[in-house]
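Okay, structure first, notes after.
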């Protein structure tokens, strides 16, 4: 290890952890596929043993997921959450664990193929937006990525059984498709006689029993019933084929998608160089390729399902790229061209990443709308109903204030009941026209269907607008039309209206709701709220507080 290579390695790692932290800071909100883990982390930190208040009991999702990764993150991020935003604390904790796993791979590459190869592995990864962007996100695939990275690190150290054991744990607890990656690794190791079948069975069975036992005990406690979540998810998505309900893609989808995920046009070139000139690196190429090939037979495809393969390819590319810094391996002219191509590819990747980060900030209108509502309304006790789409695009329990009441009712019949919906002070919805009778639009997020590419100071000097389509729907903040008093009210202030139609009330208390015989009430108790009970003719019968 030369001093220059060592400095390069340290700087590359600092750059990677900085990118992960900055990306999560610029886009702190999460989407629906991340909601289970995010809500679980919040509930474990907030409610601890009081499972009755956990979000998954009301919104369990299509399939069960393991609580083990969320429990781990909740414990690690608990103390940091005292000093920074709890949402960011959780995101940064996941990001740190992801970086540490990448650093582990880099160290193993450095010991086997040279420090420069380890540094180039990190550089390749830094310039790949999708990999870095998702490394701090509470996705089960990212928890799986952390595990598969550590497995890859042990593989590079020739610790084959340790590598296999980690993959078994990850497949049993986090993501079942990792079992396919495990099979794709075991086959060449057996054929090359790097492992024996007897010891493989011993390690595999013991690891499986430990992993399944841990998941069965811990997850059964949180779910309130005996279960092995990842087995249920596998049966639901693969055996029953229910994953296709979320859409299907052609067989070649992943292979077309890979160059876009690399974001660096030279990655494939250095993969080829590595395959041709460095025999030990070939395992890093055909194992993930075979994994992607077999996985492509499943109709429902999302790029995050194959994210585990990206570090394998990056490792092989980095080993191949390190040859371009070795003048004795190639002619001088070829050496200069390859080195120029390497740096050009890295620069291109960073430019593309900067652009994509800017665009992705528009992908969370729900979270942005709730943040904007906090800027508009500073009353300590407010009730908000949030429709499905805003909750899918950034709203989590981490975003909620303890003194506010939040409702996520999805039943169309209840939402169409004017008395039910009128009990809320504000609505956050993508469909404001459904509530025109009782609410006014006061703010919108993502109302512009286009995302401007150029900054304002530059676009003012260009006659033609340069923009791209905004894929996210607009979200609106609606305020209740009824006028309200600014000070808390008591029952006696409105007792004179008893026996009269409730519509005669012109100035309503700050916190209230109207209750008809068929009204389904929210279950919260609020000390300052007045409840106006009416009969079928809208005559006020009595008033209560709370």
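The backbone N, Cα and C atoms fix where each Cβ goes, glycine too.
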Exercise. Any idea which of 40-60, 145-165, 166-186 is down as transmembrane segment in Swiss-Prot?
Worked result: 166-186
Problem set entry | Contact ranking winner - 5-25, 67-87, 166-186, 340-360 against the transmembrane segment (258-278), Cβ under 8 Å | 340-360
Seminar exercise, completed: Between the transmembrane segment (67-87) and the stretches 113-133, 166-186, 200-220, 305-325, 340-360, the largest tally of CB pairs under 8 Å belongs to 200-220
Problem set entry | Criterion met for the transmembrane segment (113-133) and the transmembrane segment (200-220) (at least three Cβ pairs under 8 Å) | no
Seminar exercise, completed: Spatial neighbours of the transmembrane segment (200-220) not adjacent in sequence (6+ beyond its ends, CB under 8 Å) are 64, 66-68, 71, 161, 164-165, 168-169, 171-173, 186, 190, 226-230
For this session: Go through the chain and flag residues at least 6 beyond the ends of the transmembrane segment (166-186) whose CB is under 8 A from any CB in it; none is fine as an answer.
Result: 66, 68-69, 140-141, 143-144, 147-148, 150-151, 154-155, 195, 200, 203-204, 207-208, 210-212, 214-215, 230-231, 233-234, 238, 287-288, 290-291, 294-295, 305, 308-309
Problem set entry | Non-local residues, at least 6 beyond the ends, that sit with Cβ under 8 Å of the transmembrane segment (340-360) | 19, 23, 26-27, 120, 123-124, 126-130, 132-133, 263-267, 269-270, 321, 324, 451, 468
